[in-house]
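Straight from TrEMBL, the features:
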REGION    1-21  region 'Disordered'
COMPBIAS  1-12  compositional bias 'Polar residues'
DOMAIN    71-198  domain 'Lipoprotein LpqB N-terminal'
DOMAIN    206-304  domain 'GerMN'
DOMAIN    339-581  domain 'Lipoprotein LpqB C-terminal'
Amino acid sequence: MTTTPVTMSTSERASTNRPVRRRRRRLAALLAATAVLAVTVACARIPTNGPVRDGDTELENISEIGYIASGPAAGASPDQVVQGFLSVAQLGPTSSSSFAVAQEYVTDPAWEGWDRYARVLVLEEDPELELDDVPADATETTVDATVRVVATLDERGMYTEEPRTSEFTVSFGLTRSPGGEWRISQLEDGLMLPAAFFGQAFHPTNLYFPTPDLTWWVPDTRWFPRQTWRTDATSEVLAGPPEWLQDSTTTVIPEGTSLAIDAVTVTDDGTIDVSLTSTISQASAEQRSLAAAQLQATLAEGEGRTVVLSDRNTPLTIAGTDAISAPRTSGEALALTGGKLVRVVGRELREPDEPVSLAGLDPTALAAGPGDEPVVVRDGTERIVRVTGDDAPDLLLSGTKLVAPSVDRFGAVWSAQGSELLVALASGAVRTLDVDWLSSRTIQSVRVSPEGARVAIVSSGPSGRLVHVAGVVRDAENVPTGLSAPVQVGASVRQVTQAVWQDEAALALIGRESDGDGAVFLAGVGGLAGQGGLSRAQPGVADPRWVTASVGTGAMLTVDEGGTLYSRQSSALWSMVSDDVDLVAYPG
């Protein structure tokens, strides 16, 4: 099967000399007939003990909703065979029995050569199928599926959002058997799923890798089939961090370690059994403890489950280790109102414990380090200074059209001019980072993640305005020396002007809706949980000028063009805090 871009509109196709095609109903119509929803949620057990946990917006176990997949009906037409296959195959990530049924639609040679997870196409809507009129004596034919792709997933579970919907034609070759039944004989590797169903079929999972100083976890979001997600996630943790994080994290599991049994099981008491090859026994006691903590963070999903490691069938003794923390913002938000800095506490503005002087400054951007120290402002567009008490401000950076500053956990202050990243170290030295992939672009926004291993950058250039996240490369003294190759984030969001960290693996962006109105968006670094992994607007604030967020709490603040400060806690609605605010920033 081949995949080629569609270059003609529907009307253009109809005007050619090709045989008239019969437009078929969308896949959803057949899915309703062949996949019967068996609602068993009402029978779910209600826990009467154990820790209280935050609710999840998606079912943790897709088995709570069952689907009954049906094989091909006798005498099914070629397009009905393709429809049936697509509808049943998309259930495969939730149930191995669905793939067994999907095999009934495909010839044996084609099935044996099909790699179901080589690529997943996330579709805006269900495919539309077209079929040429088939002569009664035909033994071969082709069914074309027109698909609109909004995102893709590779074989390692890495999610990529498309900058705009791409329309493709995917062709299926079919052969008629001697008994007169049509079966698929040619098909391309991979699955196709509508975005509305993607989150039910694939489970978003954060793999965690430690920072080099073993202080913080660095998340890497992947999407795995629901029925095997813990097994797949464990294999990927054992394989090590992705290329873009390899120089920003460290590895504690010995190279060559793999699963001894291709399955990670969860017992009734919540124990997650991970059986590894004997290479794990070569690790030191500290490394084994860190490996257990790494897999615990990746697989447990909240309290109540414990990872147990074994060397094949022999349980390993795991000693305690200093806790490694998930990325989290430390400190309160600061705001500029009436020419002075204040703290934002809940929905109130309060005086700081130690007021700082802004005399003689023209504050146009604001930043703070962990625990609100240091406090940094951009003075006009050409200076970035540190402000403390009544003392004169300390000059950190000077340049032309400096972007708003960001402060990392080591106290280094980041900014940029043109395509150059500028870093003012706590020692007073200034470093310039020349990054190849930024050489032809103009940086618009810089924000370092709470653990300091990643940086979000908005830049403009010949290919438009883009949002990237890259790994931060540091030397032995934790001084930034470069950036990794990046991953693109929020590709569907238009005209982004600012990006900040909203959660450990998500950004809050200021961009524009399709109608041109400004809005705050959320975008996942590796896909956002829910709604097919796609970026989505956060309605309620028109024309935001600044946005800031607290990683770990879900709290967000934004200031609109009129100077009104709004607050949003977790997934609640925006509420007004004050109507006379110029700047706002959480630490980071």
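The backbone N, Cα and C atoms fix where each Cβ goes, and this holds for glycine too.
In the domain 'Lipoprotein LpqB N-terminal' (71-198), helix, strand and coil residues by DSSP number 34 helix, 53 strand, 41 coil. Residue counts of the domain 'GerMN' (206-304) by helix, strand and coil are 37 helix, 24 strand, 38 coil (DSSP-based).
Confidence for the domain 'Lipoprotein LpqB C-terminal' (339-581), expressed as mean pLDDT, is 95.
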